[in-house]
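Participant: Pasting a structure here, questions to come.
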Amino acid sequence: MTNDQGHLMIKTALHAGRIMIENGSEVARVEDTIRRIALNAGYPDSKVYVTITGIMMSISGEENAQIEPVTSRSIDLEKITQVNDLSRHFAAHKIDLAQFDDRLTHLDQHPRYFPVWLQLISAGLVSGTLEVVFRGNYPDFLVSCLIGLVGWGVFYGMSQLVRVRFLSEFLAATAIGILAILAVKFQLGTNADDIIIGSVMPLVPGVPLTNAVRDILAGDLVSGIARGMEALMSAIAIGSGIAMILQAM
Amino acid sequence: MLNLIMDLILTYIGTVTFGILLNVPRRGLNIGGWIGALSFLFYRLCMMANMGIAFANLVGALIIGILSMQAARYKKMPVINFNIPALVPFVPGGQAYQMVKNFALGNVSEAISFLLQVMIISGSIAFGFLLAEMVNRVQARVMLALSSRWRHEHRHNPRL
């Protein structure tokens, strides 16, 4: 086992770990995947330290640990699944380390999102259906769909423009609040509260919230609390956007 | 009854579409929707039997956790593809909104009572997930003891 092989293994494993954290995986899964990659590459004794802002890894008995910073975080469960699949292929010896690294680079550079129109329609449907499920208000179904769609459009557009998640959430919530109150004023809807509750649902920070709980339960306290703060910030951004409009109008 | 069936259909649609927003792979969307609808059915049954909101949410989260793990094993996909979309119908959105609204309008005592409700609901969801995790560990132990094929398939899993 030459040292080059070890370097390639650490590079590939860190790359896989970074993609997983960037796209919203929980810390225990990342540790597990990195350790399996090391095991399958012939290093059963590796040391990994994962937080949601960076990963450190070394092989026991060899010098030079390596660090991989994680600077951006978004949500894309497809990428996590694909890294998982690649790791399985590697474990089954269908691909070797160099191919693994190539495919990770390819995966990182060519994300496969659902088309924007489908995302918009989905956001509308999430809003409408959950509004009815939570409040049982059938007459406002269509208005909620429409306002939820516009809200997600604002969120998506602002995310492309400024890349600060909290700001996009705040502006989307503000837009939703204004539109809901206007819709009731012009008699398109019956209850502004119900419309807002439904339309805000696509923005709910479900992934950070679930991961915060899972991380804390798994004992990754640092990441769990950081992730909880992320979810709390999103909730505050949405809540203050709505609160501002409710006070103003 | 009609209302319940309608709600289940809407929950299915809501879960699948939320999955699309999170970019869940296409092959996992349908099963995630079924998990969402099924757990919501049990939640509603608990609510109808007057078991209280905390217990109902705990049961819902427990069922989501168990079914998601089975789906993850069956489809060989990470479990978060299933449990995050399925959790969406349980989010205490109504209470959280009432809390924000009452804070904004200055009714602090009402806002705090809604805040407590939000905390109760999210706490019971978290403990539902914890229980589901325990069930999955026990299941893994039992399978490990009983099935040699299973032991062979999972021989590299360091968590067992």
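Each residue, glycine too, has its Cβ placed from N, Cα and C.
Unlike curated entries, TrEMBL annotations are predicted automatically.
What you are looking at is a predicted structure, and each value in this text was computed from that prediction instead of being measured.
Here's the feature list from TrEMBL:
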type	residues	note
DOMAIN	A:12-247	domain 'Threonine/serine exporter-like N-terminal'
TRANSMEM	A:113-135	transmembrane segment
TRANSMEM	A:141-158	transmembrane segment
TRANSMEM	A:170-189	transmembrane segment
TRANSMEM	A:225-246	transmembrane segment
Participant: Going along the chain, which residues at least six beyond the ends of the transmembrane segment (A:113-135) come within the CB cut-off of under 8 Å?
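Facilitator: Long-range Cβ neighbours of the transmembrane segment (A:113-135): 76, 78, 141-142, 144-149, 151-153, 156, 191, 193-195, 197-202.
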Participant: Let me spell it out: take the transmembrane segment (A:170-189), skip the flanking residues so only those 6+ beyond its ends count, and list any with a Cβ under 8 Å from a Cβ in it.
Facilitator: 139-140, 143-144, 147-148, 150-152, 154-155, 158, 195-196, 199-200, 203, 237-242, 244-246, 249
Participant: Sort out the residues at least 6 away from either end of the transmembrane segment (A:225-246), same chain, that have Cβ-Cβ distances under 8 Å to it, and list them.
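Facilitator: For the transmembrane segment (A:225-246), the far contacts come to 51-53, 73, 165-167, 169-174, 176-178, 181, 196, 200, 203-205, 208-209, 211-212, 215-216.
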